[in-house]
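Peer 1: Structure provided below as structure tokens; questions to follow.
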Amino acid sequence: MEMLQGLLLCLLLSTGGAWASKEPLRPPCRPTNVILAVEKEGCPVCVPFNTTICAGYCSSMVRVMQTLPPLPQTVCNYHELRFTSVRLPGCRRGVDPVVYMPMAVSCRCALCRRSYSDCGSFRNESLGCDYATSQDSSSNVPPSNLTSPSQLLEPAVTPLVPQ
């Protein structure tokens, strides 16, 4: 019986190291490829756009004693970014069809700065277009405002020159 208890103890101790591992159990903060919708007032077309954003998990801590002030929490932030341009088709005369979009080059876990970041959680908002047309959901024909993945605009690498 002692042999069995010793074997069980060894087994628990050997697997306990995996639970206390420094390796992240969730994807770490890093640039992630996503498709966002780009639109502009005066341009009738909403265009899907391939870009990179910062996403992933950062380690955090919570105080056990509620009487102490909360600890500052880190979030996945942009570290380095570049700007690319997307040209929207069909814009009205006098409307600049070029929209500049940030693309994440590198990311880091840091305190959230409300001056340039949205520090809140995800909302129940669509990342699609405001001007999308609705169509009967039973139809097999896709809406005319949707673009097939083969027609997605790739960013034209355009440096943004400070003025």
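Using N, Cα and C of the backbone, Cβ positions are placed for all residues, glycine too.
Reproduced below are the annotations present in Swiss-Prot:
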| type | residues | note |
| --- | --- | --- |
| COMPBIAS | 135-151 | compositional bias 'Polar residues' |
| DISULFID | Cys29-Cys76 | disulfide bond |
| DISULFID | Cys43-Cys91 | disulfide bond |
| DISULFID | Cys46-Cys129 | disulfide bond |
| DISULFID | Cys54-Cys107 | disulfide bond |
| DISULFID | Cys58-Cys109 | disulfide bond |
| DISULFID | Cys112-Cys119 | disulfide bond |
| CARBOHYD | Asn50 | N-linked glycosylation site |
| CARBOHYD | Asn124 | N-linked glycosylation site |
| CARBOHYD | Ser139 | O-linked glycosylation site |
| CARBOHYD | Asn145 | N-linked glycosylation site |
| CARBOHYD | Ser150 | O-linked glycosylation site |
| REGION | 135-163 | region 'Disordered' |
| SIGNAL | 1-20 | signal peptide |
Peer 1: Using Cα coordinates, what distance in whole Å links Cys29 (disulfide bond) and Cys112 (disulfide bond)?
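Peer 2: So the alpha carbons of Cys29 (disulfide bond) and Cys112 (disulfide bond) sit roughly 13 Å from each other.
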Peer 1: If you count Cβ atoms within 10 Å of each one, which of the disulfide-bonded residues Cys43, Cys58, Cys107, Cys112 comes out on top?
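Peer 2: By the 10 Å Cβ neighbour count, Cys107 comes out on top.
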Peer 1: Relative to the Cα of Cys54 (disulfide bond), which of the disulfide-bonded residues Cys43, Cys76, Cys112 has the closest Cα?
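Peer 2: Given the candidates Cys43, Cys76, Cys112, the nearest one is Cys76.
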Peer 1: State the count of C-beta atoms found within 10 angstroms of the C-beta of Cys29 (disulfide bond), not counting that atom itself.
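Peer 2: Around the Cβ of Cys29 (disulfide bond), 22 other Cβ atoms lie within 10 Å.
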Peer 1: Let's check the environment of Cys109 (disulfide bond): how many other CB atoms sit within 10 Å of its CB?
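Peer 2: The answer is 18.
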Peer 1: Which of the listed disulfide-bonded residues (Cys46, Cys54, Cys76, Cys91) has the least company, meaning the fewest other Cβ atoms within 10 Å of its Cβ?
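Peer 2: Least crowded of the disulfide-bonded residues Cys46, Cys54, Cys76, Cys91, by Cβ count within 10 Å, is Cys91.
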Peer 1: Expressed to the nearest Å, what is the distance separating Cys112 (disulfide bond) and Cys58 (disulfide bond) at their Cα atoms?
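Peer 2: Between the alpha carbons of Cys112 (disulfide bond) and Cys58 (disulfide bond) there are 12 Å.
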Peer 1: Helix, strand or coil by DSSP: which one applies to Cys109 (disulfide bond)?
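Peer 2: Cys109 (disulfide bond) sits in a strand per DSSP.
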Peer 1: Which of these recorded positions is closest to Cys43 (disulfide bond) if you go by CA atoms: Asn50, Cys58, Cys76, Cys107, Cys109?
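Peer 2: Looking at Cα distances from Cys43 (disulfide bond), the smallest one goes to Asn50.
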Peer 1: Including all protein chains displayed, how many Cβ atoms other than that of Asn50 (N-linked glycosylation site) lie within 10 Å of its Cβ?
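Peer 2: Other Cβ atoms within 10 Å of Asn50 (N-linked glycosylation site): 16.
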Peer 1: Tell me, in order along the sequence, which recorded positions from Asn50, Cys58, Cys76, Cys91 have their CA within 10 Å of Cys107 (disulfide bond).
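Peer 2: So the list reads Cys76.
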Peer 1: What's the CA to CA span in angstrom from Cys58 (disulfide bond) over to Cys46 (disulfide bond)?
Peer 2: 33
Peer 1: From the recorded positions Cys46, Asn50, Cys76, Cys109, pick the residue whose C-alpha lies nearest to the C-alpha of Cys91 (disulfide bond).
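Peer 2: Comparing Cα positions, the candidate nearest Cys91 (disulfide bond) turns out to be Cys46.
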Peer 1: Taking just the CA atoms, what is the gap between Cys109 (disulfide bond) and Cys76 (disulfide bond) in Å?
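Peer 2: If we compare the Cα positions of Cys109 (disulfide bond) and Cys76 (disulfide bond), the gap is 5 Å.
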